[in-house]
Amino acid sequence: MTMLKDPSKKYRAFPTIELPDRTWPSKTITEAPIWCSSDLRDGNQSLIEPMDSEKKLRFWKTLVQVGVKEIEASFPSASQTDFDFVRTLIEDGHIPDDTTIQVLTQAREDLIARTFESLRGAKKAIVHLYNATSPSFRRIVFNQDKQGVKDIAVNAAKLFVKYAAQQPETQWTFQYSPETFSATELEFAKEVCDAVIEVWNPTPEHKVILNLPATVEVATPNIYADQIEWFCRNISRRDSVIISLHCHNDRGTGIAATELGLMAGADRAEGCLFGNGERTGNVDLVTLALNLYTQGIDPQLDFSDIDGVRKVVEECNQLPVHPRHPYVGDLVHTAFSGSHQDAIRKGFAKQQDGELWEVPYLPIDPADIGRSYEAVIRVNSQSGKGGITYLLEQEYGISLPRRMQIEFSQVVQGETDRLGLEMTAQQIYSLLHKEYLQANSPYALVSHRLQEENGHSAVEVEVAGEGETTLHWRGKGNGALEALVAGLPIAVEIMDYNEHAIGAGTNAKAAAYIELRVAGGRPVHGVGIDENITTASFKALFSALNRSLSQQEAKAA
C-alpha cells in the first residue's frame, strides 16, 4: 500500500473554530503555569518495561528536587504495584508539605473506591477522573449517546463526593478530564464539564481542575488555542475552576499547542520530562520551562543540573534522550560549521557578566543549566579527513561515546592549535593515550581483588599514592564498579559507562569508558583498556578520577 494521490478521500481536515474576536494572538505568557508531572503515570504506562517501585521512587524524588508541586503518581486501581507505590509515598513520608500527589481513576465505583483507599492518610491529594467524550469514542468505543457519556461523568463525580466525605482528614482537590477534548464538540465538552462542576460545587477558595487534553493531536496549535479560549469564556464558575492543559505530540506541535493554550487563558500544564508518553509522547515540561526561562520568566522549576536530571530519566525510562533534543541533547550547544563557530566565538568575546544574553546560535547560556562551554566550539570531523571518531574507529577499533567525543575533540583542537598542523590517526591515538590512559596521578591502580557472593561484590584495591605511599581501599556494592566507588575516599558519581571489545579472538582487549563527576564538579571522562573487562573498567574510573583532580588543582592554581 502506498500514500494516496488524493488523501482527502481518506482523511479530512479538522474544522476551524468560529471565534472572530479571539484575543490570544495578542497575548504573551508572563508567568509560569502550575506544573503537573505525569511521568509516573502517563509516562510510565507507555514504557516497554514499566518502572519498578525503586525506579518510581527515584523518579519521584527527582521531580520533587526539580520543584514540581503536583505529581501524578499512579493509577492505583490498575494494579497492586501502583496501589502500593502510593501507600509507600504516604506512609514513608516522601510527600513534602508543599507537594500534592495526584492519582487517576476511571468512572467505575469499584475503581473509585480503591483509588480513595490508596490515599488514606494523605495530607492533601488530587483525584483525577476521566472519560472520553469525542464522537468517534462515543460511537466506536463505547456505543453511547451524548446523554450516556454525560451520565457516566456525573455519576462518577457524585461518587467522588461520597468517598471524599469518608476521609475528611485529607484536603481533596477534584480533577475532571473530558478525554479527547480536542476532538469533542465544544458545546458538548462544556455541557459535560458544567454538569460535573454542578456536582462538585467549587468556590474561588476551593477550586476544581478541568483538564482539557489533546489526547491525540488532531489540528494545528491555533485551533487548540481557539478551543481553550472559547472554553475559558463559556464554562460556568470560571473563577472557581483551574483550566489545565494536557497535550500530546502526534503532529509534533505539543509545545506550541501548550504555549498557545496558556496564552488563551489556561492556568496549568501537565506533561513529562523530555516528552515521554504514549505514542509520540506528552508535551515536554523541560522545554516548556526553559522556553519561559529564555524569555526572562522564572519557570519555578530548577534545571541547573540538567544532565543529572537526564541521567535519572534515561535510567528509569530506559529510553535515551535524542542528541538534538532541545536544551538537553548532547549536540544542541555544539557548532560544527566554521561560520557558526566564528559567530559564537565573537559573541563570547563581547558577552559581559550581567548583560542580556546575546551570543549567536545559543538561545540559552549553557552554564545556566550546568553545561560547560567546552562542547560549544568543536572540531569539524570533515576537516580531519574523516574525523577524529572515524580515524580512531578505523585504525584502532576505539569507539568513543558521544559525550566523550565532544570532550576529546577539545583536547585535539588544543593540540592542532599548538602545532598548527593537521593531526594523523597515530597522533590522535597518541594524544588519547597520553590524556587518558596515562592519567596515573595522584592515584595509580596497582592491583585489585574482587569477590562475588549472593549477587554482591566486595573489592579491595592497592593504590600507589603520592610520595611513594601505598594505599588500600575496600568497598562493597551490587557490582564491581559500585563496590569500587563505595571504597573511594572521595565522593564520586558515575554519570555514564560504556564498554566494547577491541579486536576478536584470544587477542581481543576490552575498552571501558566512564563519565565521572567528582564531589559535585564538572563531569570528566576516563578510559581503560585491558584484557580483562573488570580491570579495564577500574582503569577507566581511575583515569577519570585523576583527570578530574588534576583539572581541579590546575583551576585552583
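For all residues, glycine too, the Cβ spot is worked out from N, Cα and C.
Annotation source Swiss-Prot lists domain 'Pyruvate carboxyltransferase' at 33-307, citing sequence analysis. For Asp42, His246, His248, Asn282, the entry in Swiss-Prot reads Mg(2+) binding site. Look at Swiss-Prot and you will find 439-557 tagged as region 'Regulatory domain'.
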To which of the binding-site residues His246, His248 does the lowest count of other Cβ atoms within 10 Å belong?
-> His248
Mean pLDDT across the region 'Regulatory domain' (439-557) comes out at 94
Give the number of CB atoms, excluding that of Asn282 (Mg(2+) binding site) itself, located within 10 Å of its CB.
-> 28
Long-range Cβ environment of Asp42 (Mg(2+) binding site), under 8 Å and at least 6 residues apart = Glu72, Glu270, Cys272, Gly277, Glu278, Asn282
What other residues of the same chain, not counting Asp42, His246, His248, Asn282, have a CB atom within 8 A of the CB centroid of the Mg(2+) site?
-> Ser38, Pro213, Thr215, Cys247, Glu270, Gly271, Cys272, Gly277, Glu278, Gly281, Val283
The region 'Regulatory domain' (439-557), counted residue by residue under DSSP: helix, strand, coil = 38 helix, 55 strand, 26 coil
DSSP on Asp42 (Mg(2+) binding site), three-state: which is it?
-> helix
